[in-house]
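J.: Got a structure for you, written out below as structure tokens; questions coming shortly.
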Amino acid sequence: LAANYLCCCRKPLPVPGRPGADAARARRPHPGSARCPLVDVASASNFQSFQLNHFHLDLRLNFTLKEMTGWLVLDLVPIQPGIDTLVLDTHPSLLIHSIDCKMPGSTQLDRPVSLTYRVDPFTDYGSSLNISLPGVVVQRGKGFQITLRFTTTDGPATWWLDPPLTCGQSQPLVFTLGHSVSNRSFFPCFDTPAVKSTYSATVRVPEGVMVLMSATRSSYSKPDRVFHFSMQYPVPAYLVALVAGELKHVDVGPRSRVWAEPCLLSCALNKLGGSVERWLAVAEDLFGPYPWGRYDIVFLPPSFPIVAMENPCLTFIISSILESRDFLLIDVIHEISHGWFGNAVTNATWEDMWLSEGLATYAQRRITTLAYGEAFTCLETRFRLDALHRQLRLLGDDSPVSKLQVTFEPGVNPSTLMNLFTYEKGFCFASYLCKLCGDVSRFDAFLRAYISQFKFSSVVAEDLIELFLDFFPALKEEGAAHREGLEFDRWLGGLGAPLYEPDLSAGGVLTRPVHQLCDLWADPAPDPNALAAFDLSTWTSFQTVLFLDRMLDRCPLPHEVMEGLSGAYSRLLASQSAEVQIRWLQMVVRSNYPPEIPAVRSFLHKHTSRMYTVPLYEDLVAGVMKCVAMETYSQTQGRLHPNLRRSLQQIIFQSPNPAPSPPPNPSPFPFPPSNPSDVRVTSSQVRL
């Protein structure tokens, strides 16, 4: 594990605001530099040999051919001697047409030099693009430009939606999704979170198409339909994102607007109102100024494969989440938190992904505590930690993916190893660090110092821990990092459940009724008068899903229990969000309760997102209802994205007896694992 992290030794870093902090920041080698070698087994590139100062994308979108053609210009500086090859990450779906170079000191009149290159296999999620560099180009410390002309086709980062797959069903739409290692199929790059740079882009589109990017729009030429974008702060490749289609906007604050297809815009506006600015203001009080200028949101069609993606300046979020106020606010606040944790300060390798997701989850809960109260936050946390322990029971206490620092073997796609431990075990470690401080406001101050120290750079866990112990020297002196049973090294490298969980008793007023109702339904014939005391229509979404999750743990349920549950709640549940409905319908399928199967069919006809369809189809095929799965799929396949169709075909037609999906955890898997033995996508709560 240690071999995959920074090899250089560092002295403790001064804390921002104390003498020497600015000088220490200036001296600190950036990950990937010659002084600070870093290994990222998920990247084929030789990013350690170059400094990427800036890149420019120039793209033309063709919705008919489902292609993006154009060029990429890289501004590079060699930082190691003797380099004669530039290696970039790419993908078989990305077609390279030509590569040329401008020599150091050349003028606009000088002709570029054509370069030779070859593409070699790397993994099943990418290839290596090896570009031979003339000796005159590679002069240590002197910059040069590489221009690559290419066409992006049907790769994993680019999602082309025909009109039937959009909300309005009249115009096509395209979006990109780079997390974790997919953007190498969007454009050739150093596809590692260790490398950050500024970028700019020019995008040409047909009439009637609006383009948005994870950047600021600098200009727009209406006659030519040319959009210009600029990102002035350094970002890693996976945070470069684009969406284009029939999109309109409404301003919801001085620095925020909501984008959506016209048919969705009023609903999105009604659901969010002025909340976004309120959430940003609370976050700024906690963690310092918002680093990115604008915070816009674009609601994407149900074909969007995850709940949300934290692209800088522009959060992508699935429109289905608008059905649930509670889940909407949690997911938007989580993505806002990434503005500090994940986007401004980024994990240098995917093995330390918890630095982004665990800290963003902690920050999200600090915001919701101040905005909505401690009880609400404790309820949401209890729901997530229940899911964590459920996943642990499924995987086993000795599962290697239960580590915070997961060792990636070469060839393993980092996306397949994302799990709840990244989020919730990371959150618990952050909560433990807060407990060590003795006061939550002191830990808030530390997090502000962490952001100030490392803003717009990439870090590893050791950076966080070193700064923490410097910030609290008394804890360092008393050996807090080595307390028996709670050692920091054990937190990072140990298997199993979190070593500490925060006190959630403040949520008892909301969780206690859930426990009581579950206890009543443990009796096959519960007392009707006792049941009448629980009005689920007054519950929050998180109370309802917590109840359904715990009932799912007991499935299959006897027919008489399902009959009672159906009579008591099915009409109410059918009127609630997809987050609620999917849990009830999984209970129906796993308990083989035929009277509610029409509701299962109806749900799968309405919802076309991976996170809502895959769990139900897996349960249908695993039980005695494979014929229902086959019939429903044949009726709906025309409205499913090709990527999802391939997944469902594998589930229905190529897997005669798959294991049933576990209860619907709020799992962060963005895509299904390539290995059937891996944990499947099983949840409606898939967010990044």
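Note that Cβ sites are derived from N, Cα and C of the backbone, with glycine treated the same way.
TrEMBL labels come from automatic prediction, so no person has curated them.
Per TrEMBL, active site, proton acceptor is recorded for E335. Here TrEMBL flags Y423 as active site, proton donor. According to TrEMBL, the feature Zn(2+) binding site maps to H334, H338, E357. The compositional bias 'Pro residues' annotation in TrEMBL covers 657-675. Annotation comment: TrEMBL describes 509-652 as domain 'Peptidase M1 leukotriene A4 hydrolase/aminopeptidase C-terminal'. The annotation region 'Disordered' is assigned in TrEMBL to 654-688.
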J.: Just to be sure I understand the packing, how many Cβ atoms besides its own are within 10 Å of the Cβ of H338 (Zn(2+) binding site)?
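T.: Around the Cβ of H338 (Zn(2+) binding site), 25 other Cβ atoms lie within 10 Å.
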J.: Please report the number of other Cβ atoms within 10 Å of the Cβ of the residue listed as 'active site, proton donor'.
T.: 28
J.: Would you pick out, from the recorded positions E335, E357, the residue whose Cβ has the largest number of other Cβ atoms within 10 Å?
T.: E357
J.: Taking each of H334, E335, H338 in turn, which of these recorded positions have a Cα lying within 10 angstroms of the Cα of the residue listed as 'active site, proton donor'?
T.: none
J.: Between E357 (Zn(2+) binding site) and E335 (active site, proton acceptor), what is the CA-CA distance rounded to a whole number of Å?
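T.: The separation of the Cα atoms works out to 10 Å.
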J.: Kindly state the mean pLDDT of the domain 'Peptidase M1 leukotriene A4 hydrolase/aminopeptidase C-terminal' (509-652) in the predicted structure.
T.: 96
J.: What is the number of other Cβ atoms found within 10 Å of the Cβ of H334 (Zn(2+) binding site)?
T.: 25
